[in-house]
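Reviewing the structure listed below.
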Amino acid sequence: MSDETTISLEDGYPPLEALTTMVPPADATGFSQSLLTFAAVMTFLIMIVGICGNLLTVVALLKCPKVRNVAAAFIISLCIADLLFCALVLPFQGLRFVQGTWRHGQVLCRLIPFIQYGNIGVSLLCIAMITINRYVMITHHGLYARIYKRHWIAVMIAACWLFSYGMQLPTLLGEWGRFGYDSRLQTCSIMTDDHGHSSKTTLFITAFVIPCLVIIACYAKIFWVVHKSEQRLKRHATKQNSIPNNLRPLASTGSGALPSGAECQPSNRVSSDSSSSFSIDVPETAPSGKQQPTRVKDQREVRAKRNEWRITKMVLAIFLSFVVCYLPITIVKVADKNVEHPSLHICSYILLYLSACINPIIYVIMNKQYRKAYKTVVFCQPARLLLPFGKTNGASSAAEKWKDTGLSNNHSRTIVSQMSGGTGAASGAGTATGTAAVAVMQTPPEVQQAQALEMVSRGPDLISKSNLPQPNVTPPPPSVLTATPNGSNSNSLTLRLPLKKNNHCYTNSGFNSSTPSPSSGLGIGISSSSIYRPGVGSLGSGSASIRRITMVGDDIILEEEELPPTPPATSAPTTPAPPPPSSPLHPLSTDSSTTTISGGAVVAGSSAPKPATPTPHIYMNVDSPKRNQYYMDRNTNAVAPESDSGPANTSATVSISGSKLTAKMKFPKD
């Protein structure tokens, strides 16, 4: 036979290169070489910027205290997802553009799109979680503290990752669509399985459409609440401006005393605090020693709201950038299934990759605190690590929520939890009952030893450290805020803190311009010239100024303005240490001081003071009803005499145990 059939071994056994290479079809030449080169350069550039930016953001959020809050936990999760996308997905996509096809095998052709779509889903879900966090903080701030606790934050973040990757497991296993090489796009993507099923539509609805709708609904509600709040503020400002100047309360009078109750201002701020708060403006001491009259302000509220709104706008910008980067590739794949316009596909892929590196740029542009955090990391400035999210070192929940609002950087915040007084060994005990009984501790003007408020630092993260040079003075361990007793001393600055019961918390009950009365609240006399902080000195010399005293929940918080560059070196006010009791007898039998009940108020006084004899400190613990049981177990309560002054709705109890005196306010249940 002249005609012989030749069988080539290559027809039956393909070369080894074909086992690991998906060669594009002949009609795939629509992707020009210049277009692929441009795409490769942009992909590698985005990869470098994304890795550096997201890694820098994670380190900055973990290192810098002032950006550590609940939203930062979700931002860290978002940055980790983008970091994995840039480090694991973009290198292979860049090589795909360089080589013109996929040359990395079937296994990576399945894993890379699995990681790609998983990280995209995690990013959008984290943005949705941050938006919900903003929504709860602004519109339902009463629930914020109960929802965003440490363990719940971890559960939310874990749910984002598990849901995003769990939705793709059937596709990875080939049970519902499959990951494979798309010859039309020359990339690995989601393909139909042998039964013609694909998970693209379901993943698009569950991982993109639903989170976007949730985000849009939350922001619509946020903008509505903010708009209403701005309208109320404008009406309030118009009403305040219409009041004549001679009728507006001033922070000080000619004698230097603050009008009683003239500075109490209620505030229901839209923030992360779960309870209302009240603030008192203390007139700052000018360098000349004269007190400047100031109007009633609430700058703490303005700063907190402004910071919350700034973070909200930043998250909105992140969401809009994600939508802008993700929508083009979705539209192009639906409108151009046959890849008739290759340049549109290349540009849409570049926009998709850009979403992984644009978030750090938004942080730098829109948030001043993030810029400072980046500088701290880049220039290796010292910064301390904080405790885990949602937890502080012994701080109360109110203080923790206070920290989460991200208040101004130029203010130091100190919690005041105890009040001691040098009134002599008070004797006697009594209980006053009435509709709004009040305990007012008074001492005669002859007794010069002042009452004091011990400022207890609940956690190192709650007090801003001053960068000023420290004087050569050894201050006492705790900061001390001395309070001049209420009496005839005209140089004292009398502050009235009217309190009322509101969901088992002390809040303000409005203005009180009258003298102490059973309905006025708890009176505390504070001298503006006797406020002392270690390393700073006395405020009376013009070295610093306490501008605000605020109670949030169970804690009294002092807010201190930024200090001048060179404060004078002053010494700390010293008080004699309490001596041990000389006899086992009760103070009632050895001292002439008396405790009386007058007009619904408990008044502790002394008819014959002895200035020459050192008197022990008398500690008054002013706490909310939830802490009453603790002090009841520690102190000996006085027997409450019956009172005919009114119904027993509210009671003030003064009890003496040794040299300790405890004043407690009890309220009926709601």
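Backbone N, Cα and C atoms are what each Cβ position is placed from, and that goes for glycine too.
What Swiss-Prot annotates here:
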type	residues	note
TRANSMEM	41-61	transmembrane segment
TRANSMEM	70-90	transmembrane segment
DISULFID	CYS109-CYS188	disulfide bond
TRANSMEM	112-132	transmembrane segment
TRANSMEM	153-173	transmembrane segment
TRANSMEM	203-223	transmembrane segment
REGION	258-302	region 'Disordered'
TRANSMEM	314-334	transmembrane segment
TRANSMEM	346-366	transmembrane segment
REGION	461-490	region 'Disordered'
REGION	562-622	region 'Disordered'
REGION	636-670	region 'Disordered'
COMPBIAS	646-660	compositional bias 'Polar residues'
Spatial neighbours of the transmembrane segment (70-90) not adjacent in sequence (6+ beyond its ends, CB under 8 Å) are 43-44, 46-47, 50-51, 54-55, 57-58, 61-62, 112, 115-116, 119-120, 122-123, 126-127, 129-130, 133-134, 148, 153, 156-157, 160-161, 272, 311, 315, 318, 353, 355-357, 359-360, 363, 389-390, 404
Item checked: Contact check, the transmembrane segment (314-334) vs the transmembrane segment (153-173), 3+ Cβ pairs under 8 Å, seq sep 6+ -> no
Sequence-distant contacts of the transmembrane segment (41-61), meaning Cβ under 8 Å and at least 6 residues beyond its ends, amount to 67-68, 72, 75-76, 79-80, 82-83, 85-87, 90-91, 93-94, 97, 350, 353-354, 356-357, 359-361, 363, 370, 373-374, 376-378
